[in-house]
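Asker: Input: one structure, supplied below.
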Amino acid sequence: QEEKLWDALKITACVLGTGLLVFTALVNSVSWYVQSIWDTSAHFWQSTWLKFYYRYEGDEWTIFLLGAALVPALAFWCFNGILMVADVTGKPTFITRYRIQPGKNDPVDTKKLRQAIYTALCNQFLISLPMLVPMFYLMKWWGNTFSKDLPTFQWFLVELSFFTLIEEILFYYTHRLVHLPLLYKHIHKKHHEWTAPIGVVSIYAHPVEHILSNTLPVMTGPMVMGSHIVSIAAWFSLALIVTSISHCGYHLPLLPSPEFHDFHHLKFNQCYGVLGVLDYLHGTDTVFRQTNAYKRHRVLLSLTPLSESIPEEPKRAQ
């Protein structure tokens with residue numbers, strides 16, 4: 001078992017490292033195009049950042065709190081507020097057509113929803129917020145986080161690719177860890193109370209799980225890279241919105257497909273990761289790949305719900 005695990009880790013490092021190099025090469029190949037776009041807006045963003053910086057008189061703690069806590073929280077609750085209207089009222093009806101599990105949360109149980117909101121708020125204010133304190137002092141030690149010069153757009157893309165890979169690795173293995181019988185029973189089972197998840201359930205979790213699987217995988221990348229607070233704010237907001245999409249229960253046009261993680265909530269022992277790379281390497285997506293959900297696991301580019309164009313096969317009579 002140890003040899004298999006070590007081999008899997010080596011393969012993972014090789015694949016993810018290659019992916020990072022390929023991504024960087026692609027970024028460089030179109031750098032002239034990206035640079036032309038960035039040059040037209042760089043002055044605006046730089047001047048806006050300086051106005052913000054001087055407005056708070058360079059108070060680094062306040063700036064860090066606003067960027068790493070307030071902005072991501074607003075992004076999370078604004079996005080999920082829209083989803084919850086559809087979950088509770090069933091309106092607008094065009095959104096509910098895109099439900100992944102028809103008949104589930106139609107409408108959502110308001111008692112369960114209140115509990116999910118309460119737990120999500122507790123996790124944000126009582127766990128994530130205090131964890132920002134040691135992060136703040138580590139970022140001050142790096143010395144670049146509160147620079148008056150914004151990072152270049154190309155560098156932010158490199159950072160974003162690194163953040164994503166780090167999150168994939170840490171989330172996959174900590175997620176599999178909490179699926180061990182003992183930890184699942186006392187910790188992760190709370191999150192899986194929702195077999196048909198909704199957006200806010202993305203941070204509906206036991207405090208230990210929220211630290212290990214939700215917060216640390218997202219925080220580690222910026223801490224390793226010594227990222228600028230603007231990069232941190234953008235990454236935290238993006239991570240919260242993407243995980244909300246993964247849990248939202250709707251496969252909406254032009255948004256990333258949530259089929260992968262929705263299937264995890266349905267079957268429990270498949271699809272542990274975010275990108276699916278490690279699931280492929282470890283064979284924890286084999287059942288998923290045999291389903292119509294796998295065929296639907298793509299960005300929807302039309303207004304026709306994939307549940308209609310690729311419906312589930314009718315169950316055979318016993």
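Even glycines carry a Cβ here, placed using N, Cα and C.
Please treat TrEMBL annotations as automatic predictions, because they have not gone through curation.
Straight from TrEMBL, here's the annotation block:
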TRANSMEM  12-34  transmembrane segment
TRANSMEM  61-86  transmembrane segment
TRANSMEM  116-138  transmembrane segment
TRANSMEM  153-173  transmembrane segment
DOMAIN    162-284  domain 'Fatty acid hydroxylase'
TRANSMEM  232-252  transmembrane segment
Asker: Treating G and I as helix alongside H, and B as strand alongside E, what does DSSP give for the domain 'Fatty acid hydroxylase' (162-284) in helix, strand and coil?
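Answerer: The domain 'Fatty acid hydroxylase' (162-284) comes out at 86 helix, 1 strand, 36 coil.
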Asker: Establish whether the number of Cβ pairs under 8 Å between the transmembrane segment (153-173) and the transmembrane segment (116-138) reaches at least three, counting only pairs separated by 6 or more residues.
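Answerer: Between the transmembrane segment (116-138) and the transmembrane segment (153-173), which are separate recorded stretches, there is no contact, as judged by 3 or more close Cβ pairs.
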Asker: At a Cβ cut-off of 8 Å, and with pairs 6 or more apart in sequence only, do we get at least 3 pairs between the transmembrane segment (116-138) and the transmembrane segment (232-252), yes or no?
Answerer: no
Asker: So what's the average pLDDT for the domain 'Fatty acid hydroxylase' (162-284)?
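Answerer: PLDDT averaged over the stretch: 94.
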